[in-house]
């Protein structure tokens with residue numbers, strides 16, 4: 001430890017970030033629970049001399065906020081780059097550190113490489129969530145090629161032994177995988193050109209066996225909608241780090257003289273158990289990330305896709321709108337198939353004009369019928385895509401991303417438009433905004449059904465330009481369409497990250513709406529994202545993606561975990577189904593306002609066949625918990641499920657909010673009394689002993705309500 005030591009602290013409600021400069025570049029000395037005494041802290045820093053073993057570098061500095069090989073660091077450096085093969089190694093030194101409110105700005109320079117760095121580190125006081133970005137400037141007169149620039153390099157306690165990642169595929173997003181942090185590097189790399197189904201840009205690291213409510217845990221998320229790399233590295237000296245950044249294709253990122261490059265933000269927090277970190281992320285996203293319109297009551301959607309697919313016959317659409325309104329929908333969304341040449345997924349993408357052969361009066365009759373029921377109107381777009389069989393592609397084949405002399409593979413019969421081109425962005429802007437204004441569209445479902453494979457401009461790689469161009473286009477549309485709501489969809493949940501959420505306030509979580517599959521998909525999604533932005537719809541009795549048959553109760557209970565809606569064909573519901581669906585739509589309407597500001601809890605269950613979670617309002621007066629049996633329950637007596645988040649001193653009325661007692665009855669010789677009539681008990685008993693569960697057959701679900709008993 002140098003005798004010349006400076007330190008800065010950022011304090012939240014329960015968290016302190018302590019940055020120390022005792023070498024050339026500052027380091028994050030502490031990220032965790034709030035530190036109280038600065039005097040003792042200064043004494044600790046003065047005696048922080050780390051031991052040094054034989055067999056390594058003579059002078060190794062601690063892991064800094066900008067690690068570099070010139071300090072003897074042998075892990076992944078913060079910057080990899082060069083000037084035509086030269087200036088590949090860097091020796092940054094600090095030129096200034098400034099603090100404003102709860103943001104720390106650190107300036108570094110390498111005079112020989114003619115590069116400068118600005119690191120911005122901030123802490124949200126209310127949520128205890130931190131944010132870090134890095135800006136690289138080329139101060140030379142020659143270009144500089146960037147191969148890797150980390151958004152952040154975060155030290156982790158050397159007691160951390162495990163990390164949790166999220167992986168998946170189309171129709172099965174957000175599956176979790178726990179692995180040990182062994183010596184070496186865990187590298188989660190995504191080359192799909194979008195956030196992807198395969199790898200979420202999120203990591204959870206912690207002590208061995210960390211759980212919902214136990215263990216020392218750190219959450220980190222890279223807000224970026226393109227290629228990325230997440231790295232957890234454990235060196236032989238015991239150093240453990242987490243690093244994240246954009247994964248550039250060869251030659252993709254070249255800084256011309258005077259140019260700057262600012263990385264996407266890494267957002268992170270450290271807490272006790274996963275639930276605490278989840279709750280902090282939810283609070284931070286609500287107050288610092290999401291558009292303001294997400295604070296309004298979230299309407300119930302009725303989407304036309306699984307009811308009609310490409311069969312856009314007004315004789316079918318108008319009754320569908322009527323039936324959806326009768327079941328409780330508040331917004332009707334016309335999905336894929338309304339524009340020219342779009343009778344299947346083989347043609348039409350890019351031709352964003354109403355198909356007059358189907359809609360001779362335009363969409364006015366559809367919109368008018370929707371408004372007559374007091375519903376909002378939404379429309380589906382896939383602006384970034386083009387079919388080779390389209391008027392647009394025949395006129396402008398050069399607008400599609402490609403590489404000369406290489407055949408570009410199709411996916412879903414489509415190619416990707418290079419929206420970083422001004423002429424492409426202008427075309428899409430005019431098409432979309434003219435329709436929004438003509439029909440007073442309230443909402444857009446913005447889809448994206450193809451990975452960016454061979455993302456080039458003919459000569460050079462161009463994948464990283466696409467997300468930035470997308471953000472610009474979205475903002476441009478929102479600037480002239482105030483109040484417009486946009487949902488991010490990418491074959492389901494392949495574009496869900498904090499960067500896209502600055503422009504969109506709803507995520508289509510997955511194309512798979514089989515409730516049993518959705519249970520784990522939504523559980524993974526809710527680890528980082530709040531429930532009110534999670535699109536969750538009631539599908540058909542027989543799920544279109546899996547063929548699984550489930551009851552309307554189970555489908556509705558799982559959909560109630562997010563922003564509720566229908567994907568089913570409401571015209572085909574019998575009278576009893578309509579009554580059942582109306583019950584759950586009313587439940588959603590009665591509780592959605594407080595759920596949008598609720599505290600989310602994932603519950604630990606004794607069986608892998610049960611998935612349970614709950615929402616508790618900010619006064620701890622109301623709570624809703626859902627339990628789903630994804631498989632067979634082995635014990636003949638199911639036992640108790642302890643709840644979380646209640647006030648132990650308050651008295652609650654425990655009720656079964658779902659109306660599926662007849663579904664449970666054949667499997668229960670005796671059923672717990674609270675399933676048939678409300679029971680009054682204390683929050684302490686509900687959390688310590690729990691709720692006695694009925695025998696739940698596979699593919700059944702419960703919705704449990706806890707409401708504070710008002711004492712007379």
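Placed from the backbone N, Cα and C atoms, the Cβ positions cover glycine too.
The domain 'Glycosyl hydrolase family 36 N-terminal' annotation in TrEMBL covers 30-246. Per-residue confidence over the domain 'Glycosyl hydrolase family 36 N-terminal' (30-246) averages out at a pLDDT of 93.
Residue 511 (substrate binding site) has a Cβ environment of 22 other Cβ atoms inside 10 Å. Residues or ranges marked as substrate binding site by TrEMBL: 170, 335, 336, 412, 445, 446, 447, 448, 449, 489, 511.
Cβ-based neighbour count (10 Å, all protein chains) for residue 447 (substrate binding site) stands at 22. Annotation source TrEMBL lists active site, nucleophile at 447.
Annotation comment: TrEMBL describes 511 as active site, proton donor. The DSSP secondary structure for residue 511 (substrate binding site) is coil.
The binding-site residues in question are 170, 445, 449, and the one with the fewest Cβ neighbours inside 10 Å is 170. In this view, residue 336 (substrate binding site) is surrounded by 22 other Cβ atoms within 10 Å of its Cβ, with every protein chain counted. In the three-state DSSP scheme, residue 449 (substrate binding site) falls into the coil class.
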